[in-house]
Every structure is written in structure tokens, then in C-alpha cells.
């Protein structure tokens, strides 16, 4: 699914360094990824158990000049071993981890782009859009030498800044620890939970090579993390973050001249060390409190809160999970948090069989778990079976009937067995589920449309509260967004679509974001913004649509100075709010 995320593309490679998967890389061509989750580093974690100190990184070069010089010989040797694994030990690459397939279409990576003025080619920019729109997504710093998954790329933020009707565009990497180490080494070196385990021999060799790299001091992911921050963007307690669920969030900042800089990895002043959190935290628009989770070795799920002061509250460990589920998103109402214990699971033993630790359990019956959002422990948590429900993304959730009914709206992976290998064939559908709090059972469950839909968004002011409208991306094969729809959730129908806009042939979209109009009175009084790339004209645009229009009319378009690859999740931050975002020096 972690969108968010990136900050510098230094294409240091030559054709001779690419064994069998050479991909042509143009100045404006790169990739997207979504949430690289990792259990495979536990053996390293045990070896380094005496180094559990957490730090907030403010780094320029994680590898010093002297250390780089001393490790030059080791680095070349390790790279040669890695090349040998790619050339001789890897099994034939499946399409889901073959760079030639994964980095095709609108997924090839692009270079960083400094602040560049843009032309408004249609309409005029609404005044309520004064601010910045940031979209996160995977964009590999180096062309992969071997297996590569869609979710593996380094996070890159594509940002458009709008001020007084004028637009400026930027593309920057999120400078994570992984990004910085690999930049200094000049090649990829970190394991991928989705792609690195490709056959028993290759898997064991890569795992062993990583252990040796850690023990010789080439890098230390146990202390410094190994995530890509490529999934989403969020404002948490007055600070801006790029997130990916395999690591802690990275604080980022939009500078006074409009550029993007990475401040560092952040643990919200937690007294107990932890190494990751969800890329989809939920922020209560009224209280400013943030609700989040992470999953790890038992307890398999940990629910926690971040106060408005930016400090992590007490952990609520959940031991009642049926194994480690690959939970990407969750839902929050006024009083509850709802988790999906689905069929996508993490099984580290799969690595010993030469397969990724992320897999699908075909016999498991998915469940929904409901817990008080201010619970101190899991004693009051209850679970209900929801066969066939595997949540991809939560759209919203709320309570009705004086708290006696919970309503959850979310996208469901109908064909979950294809989710990890052929995501575009997994048949994502939007569903509404009504749950009786008293009887602890599902009252009703029905689809909201027959279309393949995902990445639905709402007016963010209605998060955790009853809302009427949702706006979703129409997904087509192969892996592309070809249009958008507006759904009226108040309709008791199996097709709640009330407006739609399909893009022109050859155009590929991204997730939408809803920006309320100035002094908006109605829930749908606002604009939908997104990036769209036209493969025929080879142009990318920033589109603004009227969310109230029966045709989702495009009211303005900005021609961008370079291609924007298909990515994950984004966020709009108004100029007034941007000015309030601050950080501790």
C-alpha cells in the first residue's frame, strides 16, 4: 500500500553493472512502490540485541569519509557477491519481481527536479488551493541489478506549490538511512521483504550477506531502520512526515523558498524502542490526537496513540491475533478502532523455503477486531468473522444509533490470492459493513459499486464521523488508474456511483485528495486534485476537479515540467497551515 518519501536520484550505474535486467533509464523515468514490510531482519536483530538504543537521525553522510575509504575493498567484494547471487543463484524472475516488467508503463523512476515554474494550461487555480500538494511513491535510486518489487523503491515526494494563482513543481527523495547508505556505497545493498527471497540458495545467500554487512559495519538497520518512506504523507502534531510501514516516519520540511528537505527519523519520544509504524495513522480533526499501530513478534499487533503534544502514549499490545497479519490500514470512529485480521500474513519460515515472508493463508477466515480507542489493554477487544473481507484501504468509519452501530467503508481485495503477485487482478471493490456493538456481529454487508475501485478519499474534516460522499480511483489492468467516481454513501444500493470522469485514452491517474472550498457549507463543496500522465503526449499534469459537479468537471490543469510516475498517497497542506508547521532545532 507506504505512497508516502524521497529526495534525490543519483543514477550511479553503468550497463556492465547490470547482470541480466538492464532497463533503459531516461532523465525523467523511474518507479513506484508501496509499503515494504520486513520481518526477515529478526536474525540480525538477535545478533545486535545489545544495541537497542533509539536515535533520531539528523544525517548528512551516515558513512564517514574515513570509513568509506576503509570499506571500499569490502564494499566491492560485497557487490561482487551480490552480482553473483543475481546472475547464478536467483530463480527465473516472476513478473511481480522482474524489473523489466515492474518498471514498465508509468512506473520507471525519474530524477529529482529542483523548483521549476509551471504553466496553467486550462482554467484558473482556485484560491483555496494556495499551499502545497505532496504525493509520495516508490522511485528506486538505482536501477535494480536483480529482483525488484513494486513496493521496494526509495520514497520520492512530488510536490506542487500554488501561490496567488501560480504553480511551482518539485521532485525530491526522502533521504532515509537506506537511501543515504546506498547513495554513499553507489549501489543497492538492503534486503527487500518482497523481492530478495527468490529460491532457497539466493535467499540464504542474501540473508548471509546482509548479516556480514551488518557485522562489518557497512550499515546497521537494527538501530537506524531500513525503510523507504515511500507510501504516504501526514501531518502529525504540527509536523510533516513521509511514512512507510517498514520503518518509523521521517520528518520532512517545506522550506521558506518552497523546497523539500528531510529532517530525520522520528519515534515520537517513545520510552520503549520500536522500529516501525503504520503508513496510515488516523488524526482526529477535532482533538489533534493521532491513532496508529505497528506489528512485530508477539504481541503481533500493538495499538498506540500520539498525543497533541507529539509524544507517544502507552502501548496496547494485542495478543488475540491469529498469527501476524499483514495489516496495511485500519479504521477509527469516535469511540473505537477497527482492525482487519485478514488472509495476507507474515510467515518468516517461508524464507527458509526460498520464498518471501509475506504470503496468503487460503484457509484463514478474516475477522474484524473492535477495541475502545482509549483502551489501556485488550481485555475489552472483541472479534467477529467477516469471511472474504481483506481490507486494502479504509475509507472512513463512524457510529450510528447512539453508538450501537459501527459503520465501516473500505476497499476489499476480493481475489486476495493475487494480491502479492498480480495486484491489478485482485479485484478491489468498495464495501460497507454495519456492525452491532451490542450483539457483536455483522448486521449488513454490501458492495457500493460493481466497478474495481480503490484509494477512495473523503472530505478530511469528516474523518471518524458520518459522511455522505467518497471519491475513488477506477482501477484497470495492467495496474493503472483510468478514471474517478463519486459515491453517495447514503444510498441503500449496490451501486452508489453518482458522478464519474474517465480520463482520455493513454492517460494514467493517481490517488485523489479532497480540498474543501473556502468557507464551504456542504460536505462536497470543494475540489479533487491529482496527478495524471498522458503516455501518448508524454506529458504529466496536475488536475483540479469540481467535487460538486455531476461530471466532476476539470476546472483547471497545470502542465508539469517532467513525468510524474504512478505512486501511492498524497496530502494537501494549506499555506496558512504550512506556516504553522514547525520543528525543534
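Each residue, glycine too, has its Cβ placed from N, Cα and C.
Automatic, uncurated: that is what TrEMBL annotation is.
Residues annotated as Fe cation binding site in TrEMBL: 280, 328, 393, 569.
Sequence features annotated in TrEMBL and their locations in the structure.
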residue	record	Cβ neighbours (10 Å)
280	Fe cation binding site	25
328	Fe cation binding site	23
393	Fe cation binding site	21
569	Fe cation binding site	28
